[in-house]
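Pulled from TrEMBL, these are the features on record:
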type	residues	note
TRANSMEM	12-32	transmembrane segment
TRANSMEM	38-61	transmembrane segment
TRANSMEM	82-104	transmembrane segment
TRANSMEM	110-131	transmembrane segment
TRANSMEM	138-157	transmembrane segment
TRANSMEM	163-187	transmembrane segment
TRANSMEM	208-227	transmembrane segment
TRANSMEM	233-254	transmembrane segment
TRANSMEM	266-286	transmembrane segment
Amino acid sequence: MIKKIFKVIELFKARISLTIALCGISGVLVMPEPHLGYFDFTILIISLFLSSASVSAYNQYYERDIDLMMRRTRERPFATGFFKPNLLWPIFFLSILIFSILLAVKFLNFYSAFYIFLGAFFYCVVYTILLKRRNISNIVVGGLAGSFAVLAGAAAVNPNLSGSSIILAVVLFLWTPPHFWSLAIAIKEDYKKAGIPMLPNLISLKKSSWIILSHTVLLVIISFLPFFFNMGILYLIGAIAGGAYFIWRSILLVSNTNKRNAMANFFASFVQLGLLLVVCIVEGVINYF
């Protein structure tokens, strides 16, 4: 029973779904007047979590063949056969997604629900089905899932999005490629074996590291911009600290492009994003009260 519970958590990628929910919370709290009732706030979190969980689960269902080829993913429940694949699974996942969108339509507004739908659509259809196995731009488009979560949160407050919410969505979009390309350098052979066209498999590792650095510098610079709209000094300190660490690790990756530095940069991206979301939330809560 305990094992099955952990497999369900793994299937729905609970940590990623929680991160998507945090992106939505950040979207709420970077709005100039983040007045959203506790009930609506809860609905937003549930809707974002369920939509992310549903498409994450479908991703594992659809990719069970290539998951089995990669050490990082071969223990996933569909890859191992722990859950037997059949057509009832996609129907179940779609039902969860529809429920999450209807929740947002009923209790939030059409705009927030539409952004939740777009996040799910781009991750499930555009990224998972159309691009991941075919095109080098796969992970670039995949980054829109987090971007739309931010916009869903902001739109729940006011459909007229603030400059800070749009910029934060752009930061999420730019964050995803260097995050996953760093991982792709570290586990290059796995992606090659699975036939997934990731950047480090198509160009040299050194060129890949330079592209990662350029993306990182761009996203860090853009992450400063909300300070010039409605965010305060706490936000700026967090953006500078997390951004400086991410850039430093990316520079080390360029200077010595190996597995160790690639994984260090992969984890540095978590630090940068995590710190940015935390200061958005903390400053937003301070402003709220």
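Even glycines carry a Cβ here, placed using N, Cα and C.
By the Cβ criterion (distance under 8 Å, sequence gap of 6 or more), the transmembrane segment (163-187) is not counted as touching the transmembrane segment (38-61), fewer than 3 such pairs being found.
Among residues of the same chain six or more beyond the transmembrane segment (82-104), those with a C-beta under 8 A of the stretch's C-beta atoms are 7, 11, 43-44, 46-51, 53-55, 57-58, 61, 64, 112-113, 116-117, 120, 152, 156. Across 12-32, 110-131, 138-157, 266-286, stretch 266-286 shows the highest tally of CB pairs under 8 A with the transmembrane segment (233-254). Outside the transmembrane segment (266-286) by six or more residues, the chain places 22-23, 25-26, 28-30, 34, 168, 171-172, 175, 178-179, 182-183, 186, 220, 223, 231-232, 234-235, 237-239, 241-243, 245-246, 248-250 with a CB less than 8 A from a CB of the stretch. Outside the transmembrane segment (110-131) by six or more residues, the chain places 20, 44, 47-48, 51-52, 54-56, 58-59, 62-63, 97, 100-102, 104, 137-139, 141-142, 144-149, 151-153, 155-156, 159 with a CB less than 8 A from a CB of the stretch.
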